[in-house]
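Quick look at what Swiss-Prot annotates:
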- His118: chlorophyll a ChlzD2 binding site (BINDING)
- His198: chlorophyll a PD2 binding site (BINDING)
- His215, His269: Fe cation binding site (BINDING)
- 41-61: transmembrane segment (TRANSMEM)
- 125-141: transmembrane segment (TRANSMEM)
- 153-166: transmembrane segment (TRANSMEM)
- 208-228: transmembrane segment (TRANSMEM)
- 279-295: transmembrane segment (TRANSMEM)
Amino acid sequence: MTIALGKLTKDEKDLFDTMDDWLRRDRFIFVGWSGLLLFPCAYFALGGWFTGTTFVTSWYTHGLASSYLEGCNFLTAAVSTPANSLAHSLLFLWGPEAQGDFTRWCQLGGLWTFVALHGAFGLIGFMLRQFELARSVQLRPYNAIAFSAPIAVFISVFFIYPLGQSGWFFAPSFGVAAIFRFILFFQGFHNWTLNPFHMMGVAGVLGAALLCAIHGATVENTLFEDGDGANTFRAFNPTQSEETYSMVTANRFWSQIFGVAFSNKRWLHFFMLFVPVTGLWMSALGVVGLALNLRAYDFVSQEIRAAEDPEFETFYTKNILLNEGIRAWMAAQDQPHENLIFPEEVLPRGNAL
């Protein structure tokens with residue numbers, strides 16, 4: 001008996017092979033399997049945002065004007081969150097709230113869930129696109145891993161935080177001034193700037209900006225002169241075989257400046273990846289904590305002493321008073337459905353007043 005060993009070859013391509021060939025074909029803009037998720041979701045998210053900021057009011061959800069049609073500009077227009085009474089409803093157009101009525105769906109805030117969900121899956125599709133392309137050209141997947149950081153922040157802020165609160169109402173609306181209002185809300189109600197996870201996020205973002213500036217300047221400073229051009233761009237040869245800049249010179253320079261310097265390019269670039277990604281992930285974890293109403297640092301001894309001694313005040317106690325002011329003034333206008341009325345005598349006043 002004869003046994004033949006070898007790979008089983010298919011005589012003809014099946015549907016999957018045909019789709020794979022078409023999706024992963026070499027073209028100007030790569031599509032790929034990830035594109036089946038990315039492109040439709042990005043299209044609907046951006047389309048929903050442009051539609052909402054152009055035409056849709058927030059009168060029925062926030063008591064606000066939020067569209068170009070009502071007189072807003074690019075900084076003040078927004079796609080606003082649904083009303084608090086709708087809690088965590090996904091607000092499908094065909095759901096029990098809108099019942100297929102597109103106008104009513106827009107009035108209830110359906111565009112916000114539409115933009116948020118399609119935006120989230122669009123970002124995930126973009127990360128998968130980086131995985132797919134990296135695998136195709138045999139690269140490591142660190143670009144996709146790095147992009148997980150802004151995705152983590154987006155998911156924590158726009159989904160996990162409002163899921164921990166009473167509804168989508170407390171998520172940020174999609175607009176510039178709307179995001180600023182949300183930041184003030186986070187400070188007043190959660191003392192976010194004194195949260196250690198926020199501190200790590202700030203250190204990550206600002207540290208990454210510093211590293212980026214230092215690295216770019218150092219490379220420009222230590223470029224090899226491989227041409228006779230008047231500037232570094234004309235002198236650059238895209239097919240050069242040697243390295244572009246002198247790591248040895250850069251190392252000697254920073255060793256003299258700081259006393260320490262990176263001596264290994266791999267460690268240097270990993271550090272530039274690690275700092276911002278870790279910072280953003282820590283910030284995302286902090287927002288998850290806020291969803292559960294975990295508190296930031298409380299320096300109670302300073303608050304007690306400030307309450308007892310009119311002459312004692314720290315920057316911390318001043319900030320606590322500012323937070324109380326934000327809560328008292330903001331809650332009434334930010335949550336009109338609660339009909340909150342604060343008498344003048346209960347509004348916070350600092351020691352200086």
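A Cβ is built for glycine as well, from the same backbone N, Cα and C atoms used for every other residue.
Mapped onto this structure are the features recorded in Swiss-Prot.
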{"residue": "His118", "record": "chlorophyll a ChlzD2 binding site", "Cβ contacts under 8 Å, 6 or more apart": "Cys41, Ala42, Phe44, Ala45, Gly48"}
{"residue": "His198", "record": "chlorophyll a PD2 binding site", "Cβ contacts under 8 Å, 6 or more apart": "Trp192, Ser283, Gly286, Ala296"}
{"residue": "His215", "record": "Fe cation binding site", "Cβ contacts under 8 Å, 6 or more apart": "Leu268, Met272"}
{"residue": "His269", "record": "Fe cation binding site", "Cβ contacts under 8 Å, 6 or more apart": "none"}
Among the ranges 41-61, 125-141, 153-166, 208-228, the one whose Cβ pairs under 8 Å to the transmembrane segment (279-295) are most numerous: 153-166
